[in-house]
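Heads up: the structure comes next, in structure tokens.
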């Protein structure tokens with residue numbers, strides 16, 4: 001019976017644990033930090049960059065802020081526009097969100113002769129379109145019948161993802177790093193791919209499979225994850241680059257940073273999104289090996305994957321996501337200690353250099369730049385939700401001050417080429433609007449809908465029954481595109497699953513009302529029939545038919561779930577042994 005309730009609950013609600021809410025200004029006000037003022041400064045930063053992209057760079061991928069023009073970088077998708085779309089809604093700009101949705105539908109074409117990064121296209125384009133699709137109704141877009149199981153942005157995301165599938169056709173199931181969007185994998189394409197480029201698909205591809213009913217996306221993502229797991233070393237570590245044909249490690253440096261980072265991130269986030277114990281178990285095993293071999297005084301070094309000997313005693317700016325990831329598994333104390341180490345580097349330079357030599361306490365030659373990366377701000381946002389420690393707001397303050405002082409130019413914000421002398425580079429990466437500004441804004445906006453604790457939600461009627469959305473617990477992909485985990489349970493298309501749910505509904509109604517409602521199994525041509533029958537049965541009792549507006553909990557919502565499947569919208573997953 002408990003298993004049945006858990007299954008039903010996963011279809012009908014997102015159940016959240018949360019830490020006790022603290023007053024927003026606790027500690028921060030005492031240190032003189034005006035949260036509202038910094039939130040508005042972040043908003044102004046976004047529009048300074050966004051408007052100059054539209055004026056000077058669109059339809060190119062990215063803005064070149066020093067010359068006030070644009071360039072294509074990752075495939076000619078108007079990438080900054082896709083990456084910035086959900087940020088517009090988080091800032092509350094529904095009218096511009098609606099306009100951009102129309103622009104993208106009319107102007108973006110994936111049937112082009114372009115060599116594209118499989119990894120970057122997935123996290124930026126597929127992830128950005130999926131997030132925007134799931135947020136469309138909230139943004140006031142007139143969605144089509146069947147949403148969220150259908151819609152133009154979902155079709156665009158699926159089209160883009162299908163262009164990436166040929167890369168996964170390897171003996172190991174691990175994908176090539178580059179694919180031609182028109183012709184597939186080029187003859188002679190290098191088989192060497194970084195670990196992150198193999199293990200960073202489960203969030204987007206599983207979401208696609210659940211919304212479209214096509215299992216191929218989740219299947220290839222899982223196969224790639226398991227191939228990496230199978231090829232870990234005897235001491236439990238993975239290297240940096242691997243040959244996807246032979247499964248031989250080409251670069252054997254093990255760490256948590258560049259080339260590996262989002263593989264670990266997606267094991268955790270995939271486990272949360274899919275309530276998948278196997279993925280979490282993989283991560284926890286890796287986490288033990290990482291602590292055993294790479295962690296020194298709350299820093300993480302690079303080691304040889306087979307021997308565990310130190311190969312590079314450096315901190316990379318990309319590693320700053322790690323404290324946020326630690327918070328997601330409830331390891332907040334260790335996360336804060338590591339975060340404070342990274343924060344000292346920020347305060348030394350006014351940003352995080354790409355490489356920082358830990359023993360020497362200084363930058364590494366030719367790695368002195370800061371391209372306005374989001375990772376340390378991302379960790380601050382997660383940790384602030386978990387702890388309300390005002391030190392985390394101070395990082396946000398320092399980030400705003402540094403970025404405005406050093407990188408702001410007439411046409412946007414420029415990459416910092418060298419943090420030592422503040423020379424600039426003529427590029428503004430799309431992740432500045434997708435991630436950096438978004439995480440800053442969310443750090444300073446405790447009442448944003450993204451931080452919803454589940455007290456309000458929307459109920460929509462799909463062809464497969466009622467569906468709870470916008471209850472919180474959003475899972476950010478590695479480009480900071482939020483995915484609503486409840487949406488993955490809205491579009492069940494396999495009939496055996498539908499019949500099982502109908503049986504559970506019948507049993508549940510019998511328990512609650514002592515009455516069995518006649519539920520017919522859907523015919524081959526009428527998959528929505530059972531939902532209609534249930535609705536008709538409810539109307540016999542005089543119940544008011546619900547629409548997609550905010551609603552009180554339905555009779556079928558939020559049954560008991562196992563403890564370790566409950567999600568925390570404040571940045572933690574509580575495991576049984578904590």
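First residue shown is number 1, and so on along the chain.
Cβ atoms are placed via backbone N, Cα and C, with glycine included.
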Could you check which of 480-519, 520-559 is flagged in TrEMBL as region 'Disordered'?
520-559
Cα distance, residue 478 (Ca(2+) binding site) to residue 120 (active site, proton donor), nearest Å?
10
Neighbour count check, CB within 10 A, over active-site residues 120, 375; minimum at 120
For residue 478 (Ca(2+) binding site), the number of neighbouring Cβ atoms whose distance to its own Cβ is within 10 Å equals 25
For the active-site residues listed (261, 354), most other Cβ atoms within 10 Å of the Cβ sits at 261
